[in-house]
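Here the structure is laid out as structure tokens; the discussion comes afterwards.
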Amino acid sequence: MRTGSMLRTISDSAIRDQAASTLSGKPRRWSWTAFFGPALIAAVAYIDPGNFATNIEAGSRYGYTLLWVVLAANLMAMLIQTLSARLGLATGQNLPQVIRARYPRPLVWCYWVQAEIVAIATDLAEFLGAALAFHLLFGLSLMEGALLTGTITYLALHLYRYGFRLMEILIGAMILAVAGGFILELVLSRPEPAPLLKGLLIPGFPDGYALYLAAGILGATVMPHVIYLHSALSQQRIQVKDDAHRLRLMRYYRLDVILGMAIAGLVNLSMLAMAAAVFHATGRLDVATISDSYLLLAPVVGQVTASHVFGLALLLAGLSSSIVGTLSGQVIMQGFVNVSIPLWLRRLVTMLPALAVIMLGISEQKALVASQVILSFGIPFALVPLLCFTANRQIMGNLVNRKSVTGVGTVVCTLIVALNVYVLFSTFTGH
């Protein structure tokens, strides 16, 4: 009986009722929690295995110096995800649907193809990260880890048929576990407070490679597929009755984004600071792979718990981000070309590149780098339309961006695109 009562309180209809009562000025106890969830799902993409690789290398090579980059990237992510939620709420459509309605059909098909490629490349990194975690923690082969990852993520995706709230609870539990794990890692590593605060608050680049890593941190933080996804998730809570309700709902969504991105930011800051305290401080400046980090943590920190917690955090981050990647792929296909395929089929298709990488014996580190390069191509295609649409009063109505928000968004968008062009140029030229 208690189980049935609990399930009723977390059902989609119950969440919608709680949200409606709060927006109508008749909040129930804890009814404000009904608005929290979409940004937690989006936040998972900001702590995927690609972030592990860039944060660890930045911390081991430059200590705390690039902490400010992580903080700045997180603030940019807050703005971008807020705009995505705002677009979905104002239009009742996700970003791909708005693009489909307003762009020429040939261009829409090009958008769809690049978005699918970026989503698959992103899922490659997430999938390999989870498979690598199974290998490090339990001694499984990468192929066994990959097959286990595919099975677990498929079973988790099966929950979505029972409603969005169960999925939000599952993903939320995973991201909170990852955050708890890295807070523990930070405590075990005993960082120096003064250099940590200096790196967090004082911008600077020690050399040219630091700029390259900073661009990599930003590229691993801003994820096109969750920009598409978040605009879809913001429509699920409640059908708003009028403009006043819509504005009130947007305030809650803004808080949701702040909470979700703050958790993701805490994870990334803890990750880089841990690498700085454990590796840079002991002269290990060349730790650049996830495997090296796992193997060196226990000997340096002096506790085997450190390695196990790191491996478990990697596993949960890989699994949860792979789940979110599959959901994003559904939104991308449905939005751009108005076609849906079963989740199991999408899960199978997006597994194939990871399985091919493992069978061909390609280094997981090289695959992660390649996935980040492909990701860099897709960022402008999501950011530019998002900024243009949310600044258009005909599309957004009373949720249109203020001029100041559009101005800041333009600066952020230009900076992100420029840094990603720099990463691509540096990668292909070898500089």
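Even glycines carry a Cβ here, placed using N, Cα and C.
The feature transmembrane segment is assigned by Swiss-Prot to 30-50 (among others).
Sequence-distant contacts of the transmembrane segment (63-83) (same chain, at least 6 residues past either end, Cβ-Cβ under 8 Å): 39, 42, 46, 55, 191-192, 195-196, 198-204, 206, 210, 213-214, 217-218, 221-222, 226-227, 230, 253-254, 257-258, 260-262, 264-265, 268-269, 272-273, 276, 280-281, 383, 386-387, 390, 401, 405, 408-409, 412, 415-416. Marked as transmembrane segment by Swiss-Prot: 63-83 (among others).
Taken from Swiss-Prot, the feature transmembrane segment covers 106-126 (among others), and the record attributes it to sequence analysis. Long-range contacts of the transmembrane segment (106-126) within the same chain, counting only residues at least 6 positions beyond its ends with a Cβ under 8 Å from a Cβ of the stretch, are 45, 48-50, 96, 99-100, 223-225, 228, 317-318, 321-322, 325-326, 328-329, 332-333, 336-337, 349-350, 353-354, 357, 367-368, 370-372, 374-375, 377-378, 381-382.
The feature transmembrane segment is assigned by Swiss-Prot to 137-159 (among others). Sequence-distant neighbours of the transmembrane segment (137-159) (same chain, 6+ residues past either end, Cβ-Cβ under 8 Å): 127-128, 130-131, 166-167, 170, 308, 311-312, 315, 318-319, 322-323, 326-327, 343-344, 347-348, 351, 354-355, 358-359, 364.
Residues or ranges marked as transmembrane segment in Swiss-Prot: 169-189 (among others).
According to Swiss-Prot, the transmembrane segment annotation covers 209-229 (among others), on the basis of sequence analysis. Away from its own ends, the transmembrane segment (209-229) comes close to residues 41-42, 44-46, 48, 50-51, 53-55, 57-58, 61-62, 65-66, 69-70, 73-74, 76-77, 80-81, 84, 94-96, 115, 118-119, 122, 268, 324-325, 327-329, 331-332, 335, 372, 375-376, 378-379, 381-383, 386, 416, 419-420, 422-423, 426 of its chain (Cβ-Cβ under 8 Å, at least six residues beyond either end).
Taken from Swiss-Prot, the feature transmembrane segment covers 257-277 (among others), and the record attributes it to sequence analysis.
If you look up Swiss-Prot, you'll see 287-307 (among others) marked as transmembrane segment, on the strength of sequence analysis.
The list of residues near the transmembrane segment (309-329) in space but at least 6 beyond its ends in sequence, with Cβ under 8 angstroms from a Cβ of it, reads 41-42, 44-45, 47-49, 52, 116, 119-120, 122-123, 126-134, 136-137, 149, 152-153, 156-157, 160, 167, 170-171, 174-175, 177-178, 181-182, 184-185, 225-226, 228-229, 290, 293-294, 297, 343, 346-347, 350. For 309-329 (among others), the entry in Swiss-Prot reads transmembrane segment.
Sequence annotations record features per position, and here Swiss-Prot assigns transmembrane segment to 341-361 (among others). Packing against the transmembrane segment (341-361) from elsewhere in the chain are residues 119-121, 123-124, 127-128, 131, 142-143, 146, 150, 153-154, 157-158, 160, 325-326, 329-330, 333, 367: each is 6 or more residues past its ends and has a CB under 8 Å from a CB in it.
For 367-387 (among others), the entry in Swiss-Prot reads transmembrane segment.
What Swiss-Prot records for 405-425 (among others) is transmembrane segment, and it gives sequence analysis as the kind of evidence.
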Near the transmembrane segment (257-277), which same-chain residues lie under 8 Å Cβ to Cβ, leaving out any that are not at least 6 residues past its ends?
36, 38-40, 42-44, 46-47, 51-52, 55-60, 62-64, 66-67, 70-71, 73-74, 77-78, 81-82, 85, 175-176, 178-179, 182-183, 185-186, 189-192, 195-196, 199-200, 217, 221, 287, 293
Contact check, the transmembrane segment (30-50) vs the transmembrane segment (405-425), 3+ Cβ pairs under 8 Å, seq sep 6+:
no
Given a Cβ distance threshold of under 8 angstroms, which distant residues of the chain, six or more beyond its ends, lie next to the transmembrane segment (287-307)?
49, 52-53, 56-57, 60-61, 129, 132, 136, 184-185, 188-189, 275, 278-279, 314, 364-365
